[in-house]
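Peer 1: Per Swiss-Prot, ATP binding site is recorded for 252, 253, 254, 255, 256, 257, 258, 259, 260, 261, 262, 263. Summarising the annotation, Swiss-Prot assigns motif 'FACS' to 518-567 and lists similarity to another entry as the type of evidence.
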């Protein structure tokens with residue numbers, strides 16, 4: 001298929017005052033796509049089609065936990081020139097090999113689980129909350145729900161008790177699918193809820209946990225996944241297939257600001273999104289591929305891509321962020337090197353970690369080998385950009401060793417969830433395989449825009465073209481100075497089509513603000529029309545701040561560039577109308593920082609690189625060095641002068657979803673971080689570096 005086939009076109013006579021043209025994929029210029037094929041209009045249809053088409057082929061694999069090892073290790077650090085011994089609890093895991101089940105088996109299991117739910121009183125008139133880690137059991141139970149037209153409700157593992165109760169109460173969930181280790185977080189909501197009657201555990205909970213549930217909610221029955229499966233086989237029920245307009249899922253957003261909202265996704269929305277993604281990527285991802293499944297299934301990105309994989313006939317390999325690498329397992333390989341995926345999906349934070357890991361290994365090499373790597377990287381990028389031969393030879397000599405860390409056979413990576421720095425995309429696409437940026441939201445069923453593998457280097461720093469099941473336009477934002485009649489056109493991205501959701505549950509004001517009467521969803525993202533009618537994202541409307549001199553600063557754009565630094569584990573930018581430039585709050589990468597300080601000791605930093613992280617973060621010399629590093633990156637990436645930070649605040653603890661500094665999809669919670677460091681931010685503005 002020719003590259004030009006993926007271009008999108010302006011819809012004739014569609015331009016209105018204050019708006020751009022309406023753009024569509026060339027594949028859907030006449031009519032938007034709403035299915036991958038005739039006869040598939042629901043998730044249950046998808047399951048049946050997958051079993052029919054792929055039969056006894058491997059569908060998904062999982063690893064059994066053999067042993068969990070906990071040990072206390074001593075770490076020696078120097079504090080004020082004295083050695084201090086710190087104790088830290090380390091957990092490692094011993095896992096078995098991947099064990100696989102076929103597409104026919106997935107179908108059989110799903111029908112049995114659906115039967116078991118009906119036998120337990122869970123029907124299409126109720127809902128089932130999924131509050132668990134990503135696993136084959138999660139996915140097959142959800143498929144079981146679809147076989148009986150039972151709507152599911154998704155909640156992140158990191159959701160607090162208030163959020164769990166809200167989702168239970170709003171959706172009137174009668175059943176919960178969960179993991180034993182998450183049961184304690186359910187006790188509070190169970191005490192409040194009158195709806196829940198059944199808890200399905202992915203594995204057998206301890207007697208203590210069972211007693212806790214019984215004492216908290218005596219009317220709630222606990223059953224294991226295996227026992228539910230057996231019950232369904234003993235009491236089989238005929239499938240009760242859903243209709244296209246039935247609710248498939250209430251998917252709760254991760255809530256980077258405010259209260260999580262339940263996005264109402266109909267079966268036809270999910271199938272339309274799958275149809276659009278399939279039209280673009282099925283030329284490249286197929287029955288021969290192995291896809292690593294480790295992102296939260298409560299996130300639309302993972303949810304939709306697993307549905308796509310089911311349809312394509314690829315193999316899903318379930319994994320955990322805790323056991324991805326060889327470093328966190330014993331007597332076995334990590335999930336990446338054991339499963340050896342050919343396709344990897346991830347959020348920018350994952351790809352930044354991979355890049356930093358590669359660079360850390362390179363920096364430990366002798367100087368001549370570092371030069372070989374750097375020269376080979378530059379040469380390969382040159383060859384790719386000009387479509388010249390020679391890349392395979394460079395892979396064989398230099399880059400295959402890098403690829404081995406991800407299993408050695410990756411063909412494509414797909415990035416979503418937030419903006420990926422163009423430099424990171426180019427680096428990994430040269431070292432490992434093409435990294436394809438995409439863009440979508442929960443409200444649009446994820447992949448609304450994507451680049452095809454042969455296009456990544458042609459349309460750098462864009463999110464690609466619209467899939468054939470949506471159309472989009474830009475709308476003026478006068479308050480921020482973005483206009484669609486500028487060159488290039490800029491404005492808020494609005495999306496419409498069969499993949500767009502049915503609104504938010506019980507949020508009339510939010511629905512009124514986000515959706516128009518003629519079906520447009522206002523994404524809140526600011527974009528511009530780039531080369532070939534691709535879409536380039538600028539930032540979220542809420543993250544664009546007017547500075548002292550009246551110019552606007554896009555905070556996420558700044559963060560995406562600084563995230564690439566080996567000194568940075570995470571970053572949050574702040575700007576306001578009282579200052580001309582931003583301040584950046586940095587959670588340092590501890591190993592990267594200590595290595596950097598060792599190499600640069602004696603400049604503005606005269607302390608001990610092995611001091612505690614807390615002391616290093618308070619050190620003005622360290623602050624100066626990190627600020628200098630960020631300023632240099634900003635200049636290299638051609639940030640505007642108003643986007644170059646004027647100060648830095650260093651955070652001495654890891655930002656996680658558990659401590660409420662990140663969402664479950666690893667986006668920074670800006671309001672929380674800024675509130676926590678408000679005093680330090682003002683001090684950073686007052687310093688003269």
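Placed from the backbone N, Cα and C atoms, the Cβ positions cover glycine too.
Keep in mind the model is a prediction, meaning the values are calculated, not measured.
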Peer 1: Counting only residues 6+ away in sequence within the same chain, which have a CB under 8 Å from the CB of residue 262 (ATP binding site)?
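Peer 2: Correct list: 153, 167, 170, 171, 250, 251, 252, 504, 505, 506, 507.
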Peer 1: Within 10 angstroms of the C-beta of residue 252 (ATP binding site), what count of other C-beta atoms is obtained when all protein chains are considered?
Peer 2: 27
Peer 1: DSSP on the motif 'FACS' (518-567): how many residues come out helix, how many strand, how many coil?
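Peer 2: Per-class counts: 14 helix, 21 strand, 15 coil.
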Peer 1: State the count of C-beta atoms found within 10 angstroms of the C-beta of residue 260 (ATP binding site), not counting that atom itself.
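Peer 2: Other Cβ atoms within 10 Å of residue 260 (ATP binding site): 22.
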